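Written out below as structure tokens is the structure these notes cover.
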Amino acid sequence: MTDNLSIQLLAIGYHPEIMQVLHRLMNSHSGWQGDIALSLEEGLQQLSDKTYDGVLLGVGVTPEDEATISAAIEKQQLPTRIIRHYGGGSGLLENEVRTVFENLQHK
Amino acid sequence: MAKYIYHKEDSRHHEYNEWLDSKKTFSFSDYYNPKRMNFGALRVFNDDILHAGKGFGRHPHDNMEIISIPLDGSLIHKDNLGNEQVVTAGEIQVMSTGSGVFHSEYNHEQATTTRFLQIWIYPSALNVTPKYTRLALNKEAFDNQLSAFIAPEADTQTAAVQQQAWMSLGTFNHTRTFEYQVKQSGNGAYVYVISGQIEIDGQQLSAGDALGISETNAFSGKIISPEAEILVTDVPMTF
């Protein structure tokens, strides 16, 4: 992974209070560092400014937004993996991230 | 030909702490087992016991259908949609969390535990308007037959979820056979034994055991104990 061997995550979602919880959860997890973006524009900007291992698509992000994010990642040839986040809290978060990155390690 | 996946009661992940005794069928929170991720759109199936007066503090959810089924005791639910409800055994609650909801769930019993099934189903559409439903189950509807209480469309007997998913209960009080028709092509049925013993296609199931059945339109089973209660969760296998 990138900096300090931590998994660098960007979570994009449009519900500020839920995203604050996600921010806290990401940064309280050993081996993860997380940023949040509260709009599509902000998310695209952050993807341009910093290299992330994964981008979590959270509450409010539509399939059309996902296509825009995917196109931006492809255009900039970023190593960022897209992870659709369901549930809005800690229930599935670790599983969703581990599924992507443990699968990568086994390839 | 039907495909089966058998989950024995003691194969579930067991966590115990001062407020919660939880048996998790599928990976959840910091329990991660790539072989236990889901059964189609059924993603979480936790059998939880909350200690007296304890519970889950205020926390968020989105984009998930969350069904709580108290098996004994009662839960007190509060959410930021303005709902404050006590849900007792014989009732269920459904949260379509969609574009976001905050809630808490506590054991409403101050002296005894409450056991409930916490079930999460992936929604068919993202970011829908959140909705909360509490439904009193009509016990007679489940006498010696499987009857739906969750469906894509609500009616007098069912609460709605945002998915082509159904949940049915059956309370059997004598040895007999039963048949189940899968609700739509491409769905599978996850049969969970709440109490008693049953047999499906040669597989015996006791309380806490489950059998996922897919790639078939129907199956039959046999009640092999004097009494049994079973729960069938019928979900799309691809979604």
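Keep in mind that glycine also has a Cβ here, set from the backbone N, Cα and C atoms.
Automatic prediction, not curation, is the source of TrEMBL annotations.
According to TrEMBL, the features are:
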type	residues	note
DOMAIN	B:12-121	domain 'Pirin N-terminal'
BINDING	B:His59, B:His61, B:His103, B:Glu105	Fe cation binding site
DOMAIN	B:150-235	domain 'Quercetin 2,3-dioxygenase C-terminal cupin'
When you measure from the Cβ of B:His61 (Fe cation binding site), which residues in the chain that are at least 6 apart have a Cβ under 8 Å away?
B:Met95, B:Thr97, B:Gly100, B:Val101, B:Phe102, B:His103
Tell me the residue counts in helix, strand and coil for the domain 'Pirin N-terminal' (B:12-121), as DSSP assigns them.
0 helix, 68 strand, 42 coil
Fewest neighbouring Cβ atoms within 10 Å: which of the binding-site residues B:His59, B:His103?
B:His59
Could you give the number of helix, strand and coil residues in the domain 'Quercetin 2,3-dioxygenase C-terminal cupin' (B:150-235) as assigned by DSSP?
0 helix, 50 strand, 36 coil
Mean pLDDT over the domain 'Quercetin 2,3-dioxygenase C-terminal cupin' (B:150-235): what is the value?
96
My understanding is the cutoff is Cβ-Cβ under 8 Å with a sequence separation of 6 or more in the same chain; which residues meet that for B:Glu105 (Fe cation binding site)?
B:Leu50, B:Gly55, B:Phe56, B:Ser68, B:Leu75, B:Ile76, B:His77
